[in-house]
Amino acid sequence: MRVLPATLLVGAASAAVPPLQQVLGRPEEGMSFSKPLHAFQEQLKTLSEDARKLWDEVANYFPDSMDHSPIFSLPKKHTRRPDSHWDHIVRGSDVQKIWVNNADGEKEREIDGKLEAYDLRIKKADPSALGIDPNVKQYTGYLDDNGNDKHLFYWFFESRNDPKNDPVVLWLNGGPGCSSLTGLFMELGPSSIDENIKPVYNDFSWNSNASVIFLDQPVNVGYSYSGSAVSDTVAAGKDVYALLSLFFKQFPEYAEQDFHIAGESYAGHYIPVFASEILAHKNRNINLKSVLIGNGLTDGLTQYGYYRPMGCGEGGYKAVLDEATCESMDNALPRCRSMIESCYNSESAWVCVPASIYCNNALIGPYQRTGQNVYDVRSKCEDESNLCYKGMGYVSEYLNKAEVREAVGAEVGGYDSCNFDINRNFLFHGDWMKPYHRLVPGLLEQIPVLIYAGDADYICNWLGNKAWTEALEWPGQKEYASAELEDLKIEQNEHTGKKIGQVKSHGNFTFMRLYGGGHMVPMDQPEASLEFFNRWLGGEWF
């Protein structure tokens with residue numbers, strides 16, 4: 001998860017941008033929440049007096065600069081490439097015209113969904129041009145939503161092993177508003193980027209035994225662009241369904257394989273929605289078999305109760321916060337929970353936005369002000385301008401090279417790892433605190449769900465992730481909640497028997513704690529990451 005620079009504490013992304021390391025000052029006297037959000041003035045007039053007082057209190061968390069910040073993301077500079085540049089263009093309108101006879105002899109669309117406004121542009125990339133996995137087939141391109149001027153960039157890597165039989169995985173980074181290409185080059189892709197801004201082969205890439213699609217979503221993230229904005233998870237889900245439907249239509253050889261969705265951080269919001277969107281379509285060409293969420297934000301009501309324990313030494317690492325701060329966080333938690341409960345009951349932005357801002361300032365803010373890395377309790381924030389990691393700066397510099405943008409067919413003038421306008425959009429639409437965990441029981445009825453967590457992360461810590469999985473109401477809750485954590489050991493290489501974490505599972509639900517992993521487990525523990533990933537895809541726990 002990421003947060004807004006120089007505006008407010010929104011949560012997980014806030015730790016690494018310099019202005020966010022400071023206590024946010026009170027606005028000038030008399031300022032109310034309606035001042036920075038002029039578009040909401042009329043709506044504010046309809047609120048009760050108590051509600052308006054709450055919003056005015058929330059305004060205290062905003063610096064004056066918020067008054068000059070746009071609420072919606074600005075369009076990126078871009079130059080669209082001619083159709084002749086692409087090897088294939090799959091038009092959703094053509095796919096919608098394909099009808100088949102069902103088992104009852106009735107005509108129906110081959111693929112469900114409203115796809116007519118979408119096109120998928122595809123180019124076979126030349127791996128030798130960049131030196132990234134040169135022996136692996138790659139495709140790059142854009143999903144175009146022509147009706148809304150949205151263009152999502154993707155990069156596909158075929159499996160290094162047996163692409164005709166290996167599964168296909170969609171990888172999503174979080175934010176909201178952070179590029180999945182950071183996951184590609186910092187965590188689990190075929191190459192990382194070193195301090196010389198050169199690609200370095202990754203022996204532990206997740207495409208070792210699976211084909212992987214990295215998607216820059218929502219729009220205006222990474223190489224993606226738009227003249228409009230997406231500001232909630234549900235809207236983004238429609239785009240992902242269209243991308244997969246058209247991609248698998250063009251490449252039926254991949255559609256035959258098992259398909260999984262994996263992601264981390266704010267993908268704890270995305271994935272339940274995206275998977276539910278896919279499963280809602282009876283006639284689909286997406287063979288969804290499971291989902292994997294790493295260090296995710298999924299159930300804020302439960303998870304926010306574990307910031308104090310994690311920061312105060314109860315998560316397996318020494319305390320970062322002092323006793324007085326821990327007590328202050330304990331005192332703030334009841335009000336935070338009450339506000340989140342109200343958000344869950346109404347799912348209204350008017351309730352969910354104050355809950356997000358109050359809780360993040362009360363329970364994440366104290367940790368941020370220590371200067372410690374919110375993504376890893378063991379270390380200081382080493383590079384405040386790049387979300388605590390120098391490597392993110394290397395990735396951005398690499399992806400901004402003209403020759404790289406040309407090689408992958410990027411149409412934007414520049415690349416940013418995270419777009420904080422998008423982050424703000426999701427916040428102000430109330431998306432941050434909405435109860436997307438309520439979709440998980442429906443998923444468990446149809447597919448396995450893995451929740452994994454590096455145990456050194458603060459922002460989406462393992463204590464909170466374990467707790468929400470045990471609190472989730474579903475038919476197998478009692479058996480799952482009572483199951484004990486068991487040792488997770490390496491089985492597939494020369495380090496056989498090495499303990500890499502703990503696991504518990506019942507039915508379709510599995511939780512893993514990964515030792516020594518921060519917010520980005522594949523970066524911190526690449527061997528352990530590939531181990532559990534391969535075994536999960538192999539069906540060991542389901």
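Keep in mind that glycine also has a Cβ here, set from the backbone N, Cα and C atoms.
According to Swiss-Prot, the feature signal peptide maps to 1-17, an assignment based on sequence analysis.
Annotation source Swiss-Prot lists disulfide bond at Cys178-Cys418 (among others), citing similarity to another entry.
Taken from Swiss-Prot, the feature N-linked glycosylation site covers Asn209 (among others), and the record attributes it to sequence analysis. Secondary structure at Asn209 (N-linked glycosylation site), as computed by DSSP, is coil.
Ser265 (active site) carries neither a helix nor a strand DSSP state and counts as coil. The active site feature in Swiss-Prot is assigned to Ser265 (among others).
Shown in sequence order, Arg308, Gly311, Cys312, Ala319 are the residues of the chain, 6+ apart in sequence, with a C-beta less than 8 angstroms from the C-beta of Cys326 (disulfide bond). Under the heading disulfide bond, Swiss-Prot lists Cys312-Cys326 (among others), citing similarity to another entry as support.
The feature disulfide bond is assigned by Swiss-Prot to Cys336-Cys359 (among others). Taking all protein chains in view, 27 other C-beta atoms sit within 10 angstroms of the C-beta of Cys359 (disulfide bond).
Every protein chain shown contributes to the tally, and the Cβ of Cys343 (disulfide bond) ends up with 26 other Cβ atoms within 10 Å. In the three-state DSSP classification, Cys343 (disulfide bond) falls within a helix. The disulfide bond annotation in Swiss-Prot covers Cys343-Cys352 (among others).
DSSP gives Cys388 (disulfide bond) a coil state; it is part of no helix or strand. Swiss-Prot lists Cys381-Cys388 (among others) with the feature disulfide bond.
What Swiss-Prot records for Asp457 (among others) is active site, and it gives sequence analysis as the kind of evidence. Secondary structure at Asp457 (active site), as computed by DSSP, is coil. All protein chains considered, the CB of Asp457 (active site) has 30 other CB atoms within 10 Å.
Positions annotated as N-linked glycosylation site by Swiss-Prot: Asn508 (among others). Asn508 (N-linked glycosylation site) falls within neither a helix nor a strand when secondary structure is assigned with DSSP, and so counts as coil. Less than 8 angstroms from the CB of Asn508 (N-linked glycosylation site) sit Leu443, Leu444, Glu445, Ile447, Pro448, Val449, Gly476, Phe542, each of them six or more residues away in the same chain.
In the three-state DSSP reading, His519 (active site) counts as coil. Per Swiss-Prot, the feature active site maps to His519 (among others); the stated evidence is sequence analysis.
Across the fold, the C-alpha of Cys418 (disulfide bond) and the C-alpha of Asp457 (active site) stand 19 Å from each other. Highest local Cβ density among the recorded positions Asn209, Ser265 belongs to Ser265, counted as other Cβ atoms within 10 Å over all protein chains shown. In the structure shown, across all protein chains, Cys178 is the one of the disulfide-bonded residues Cys178, Cys352, Cys418 with the greatest number of other Cβ atoms within 10 Å. In the three-state DSSP classification, Cys336 (disulfide bond) falls within a helix. Following the DSSP three-state reduction, the secondary structure of Cys352 (disulfide bond) is helix.
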